[in-house]
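Novice: First, the structure itself, so that you have it in front of you.
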Amino acid sequence: MTKNNEAGWNLDHSYTTLPQSFYTEIPPTPVSSPELVKLNHSLAISLGFNPEELKKEAEIAIFAGNALPEGAHPLAQAYAGHQFGHFNMLGDGRALLIGEQMTPSGKRFDIQLKGSGPTPYSRRGDGRAALGPMLREYIISEAMYALDIPTTRSLAVVTTGEPTYRETKLPGAILTRVASSHIRVGTFQYAAARGSIEDLQSLADYTIKRHYPEIEAHENRYTALLQEVIKKQASLIAKWQLVGFIHGVMNTDNITISGETIDYGPCAFMDNYDQGTVFSSIDTQGRYAYGNQPYMAAWDLARLAESLIPILHEDEEEALKIAQDEISKFSVQYEKQWFLGMKKKLGLFSNEEQDQSLIEQLLKMMEKFKADYTNTFRSLTLNTIENTALFESPEFKEWYKLWQSRLEKQEESKENAYEMMKNNNPSIIPRNHRVEEALEAAVTNGDYSVMEKLLEALSNPYAYATEQEEYCVPPAPTNRPYRTFCGT
């Protein structure tokens, strides 16, 4: 069933120009009684949709997979991935790309239904999703967007009227995810593992045309592609680290070629500053701990470089050298982006020899005194040094004098320095206990008002508004560490 186009659907299907080994065409599995519980109005408008039309029954049927919009071409994408270091052939096991929405400004975005039923890549899974994890992805991805961190976004969440079974019986839901594309490091691993250089080349050419058209004429465009992805990921991971975001499952199938954050399963934001912070219940070894994220990104990008070796140079030794040389640049690019970001968080404009040690000393003290990461920078920004173990310590008081002296040294006024800090230190993040509170109200009680209020606060993280203050309070100390789950 297809419907007419009053809502603003304008779908294209460039992904189907790739060899058919990269996808399987399959319709979504219908559900019994879909209900729209969340629609992203501003995103809908930017994509060229009419939000009021999207609330109608016929459109809700599309978000549920019970109907298809005009021009839809549903398919599940194939890819591979190193999951916690182990290589597997994977694919969309519970998601379908229904098409690429062409926006009024000529941009192209994937529209994907997540939780739309089983596919040939489901590996014994039911292809469904639970309401809690889908709402969680909506909240965190919108918070990331507001924090100016490249991310996939959520257009809608519908409940299915059917239960899904995980450890317990849970209400089912489908999320409509929007992404610049769903091409991953794992997509290239999939192509390389199949052994067809022609297919690998087709994927690389398609990716360049879609994401990096400026390098199409490059003498060695595949090396240039690797360089661009490294640059994007170095910037992305630096942004994660600067706000205390912990992804939790940085497998190669969750590293996008576009440089967007994807898959909000076991992610969370750090409260107390600790390099070893892990939230994911399945990350028992701390592989994807906060402090490891830059190293794991480099590891994942090395897998991309390996996959590209057959097309980097006709001589394998030369291709290997190119790959190694490019990967070695990641840490330099990441450090540069992170250092620049940390300087902004401390209001430092110019470059001084002492800047590195100022930053390192502060972080060391924060870890020692288990200081709240976000609130420490928030207090420095507001210049309200509260009564905490960190701020009361002699070493902090010494550091504070050095920092103030450093601010006075630069040409820019302190007023400008504090303004820059305000623009780079969010006063509010999606605190784990607040997110859980919103999910509990929505999933258990059918009360979405807690989530709406939280989303409103998170939509302007640099506002420093008084009405946001209740969301700045860290969780109460507890003996039980916060744990996240992947939702699959």
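Residue numbering: from 1, along the chain as shown.
Quick reminder: no glycine exception, Cβ is built from N, Cα and C everywhere.
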Novice: Suppose a student reads Swiss-Prot and sees Gly91, Gly93, Arg94, Asp126, Gly127, Arg177, Arg184, Asp263 listed for ATP. Which of Lys114, Lys169 should they find annotated at that same site?
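Specialist: ATP site check in Swiss-Prot: besides Gly91, Gly93, Arg94, Asp126, Gly127, Arg177, Arg184, Asp263, the record includes Lys114 out of Lys114, Lys169.
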Novice: Check each of the ranges 108-127, 408-427 against Swiss-Prot and return the one annotated as region 'Disordered'.
Specialist: 108-127
Novice: Using DSSP with the three-state reduction, classify Gly91 (ATP binding site) as helix, strand or coil.
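Specialist: The three-state answer is coil.
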Novice: Between the Cα atoms of Asp126 (ATP binding site) and Asp253 (active site, proton acceptor), find the distance and write it as a whole number of Å.
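Specialist: Roughly 20 Å, rounded to the nearest whole number.
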Novice: Rounded to a whole number, what is the top Cα to Cα distance in Å among the residues the record ties to ATP, namely Gly91, Gly93, Arg94, Lys114, Asp126, Gly127, Arg177, Arg184, Asp263?
Specialist: 23
Novice: Could you tell me which of these recorded positions, Asp126, Asp253, has the fewest other Cβ atoms within 10 Å of its Cβ?
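Specialist: Each of the recorded positions Asp126, Asp253 was scored; lowest Cβ tally within 10 Å is Asp126.
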Novice: Which one is it: of the binding-site residues Arg94, Arg177, which Cβ has the fewest other Cβ atoms within 10 Å in this structure?
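Specialist: Output over binding-site residues Arg94, Arg177: least Cβ neighbours within 10 Å is Arg94.
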Novice: Just to verify a number: CA distance, Asp253 (active site, proton acceptor) to Arg94 (ATP binding site), in angstrom, no decimals.
Specialist: 14
Novice: Fewest other C-beta atoms within 10 angstroms of its own C-beta: which of the binding-site residues Gly91, Asn254, Asp263 fits that?
Specialist: Asn254
Novice: Provide the three-state secondary structure of Arg177 (ATP binding site) computed with DSSP.
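Specialist: Reduced to three states, the DSSP call for Arg177 (ATP binding site) is strand.
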